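Before any comments, here is the structure.
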């Protein structure tokens, strides 16, 4: 079970990812977590990343792909993994494809959560209101203004991945506007279909 999750911020990827991890016992690979772990473990790629970050630079796609390559070799990822938050660009997707091909690993699917952006902004605004009403501080990225900026960035940078993966035949779309449990049911049905195909 090797899958990539796509979708704009607020689409519910995090929630669905947690449920996939729980059901299928495969790790969710977050590039941020992997980067920190590689730096802490002082792996060759981690040391390279550390030097770049300490000088204020951005870690290159090659380094991130190297970190993903190391991580998927670990025992808990042998039966599969979920990539969430990577790749973010078509260039990263191509680099990831090349690395996986080198290892003889194939992705099972790229699952895109399709959502209504206007409704998403409304959902975020409501969440911010409810948080404030409880007297709790509202996260900076939970305000409609910041959220719209994040959506714009997603649209420009990451949305082209949908076309890229559609071209590979891996893309599967899920309606992310349905209730959470219904979305989970749709994701499970999709993934069970892949498991049956793999075992037949």
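Cβ atoms here come from the backbone N, Cα and C positions, even for glycine.
The following features are taken from Swiss-Prot:
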BINDING   10, 11, 12, 13, 14, 15, 127, 178  ATP binding site
REGION    30-59  region 'NMP'
BINDING   31, 36, 57, 58, 59, 85, 86, 87, 88, 92, 139, 150  AMP binding site
REGION    126-142  region 'LID'
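What Swiss-Prot annotates, mapped onto the structure for a quick look.
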residue	record	contacts (Cβ under 8 Å, 6+ apart)
10	ATP binding site	115, 120, 123, 124, 147
12	ATP binding site	113, 115, 176, 180, 183
13	ATP binding site	5, 6, 7, 84, 113
14	ATP binding site	84
31	AMP binding site	64, 67, 68, 85, 86
57	AMP binding site	none
127	ATP binding site	142
139	AMP binding site	131
178	ATP binding site	186
Any idea what the Cα distance is from residue 88 (AMP binding site) over to residue 15 (ATP binding site), rounded to a whole Å?
19
Which sequence positions outside the region 'NMP' (30-59), separated from its termini by at least 6 residues, show Cβ-Cβ distances below 8 Å to it?
66-68, 70-71, 84-86
Could you state, as a whole number of Å, the largest distance between Cα atoms of any two of 31, 36, 57, 58, 59, 85, 86, 87, 88, 92, 139, 150, the listed AMP binders?
29
Distance check, please: Cα of residue 59 (AMP binding site) against Cα of residue 11 (ATP binding site), rounded to an integer number of angstrom.
26
Using DSSP and collapsing to three states, where does residue 57 (AMP binding site) fall: helix, strand or coil?
coil
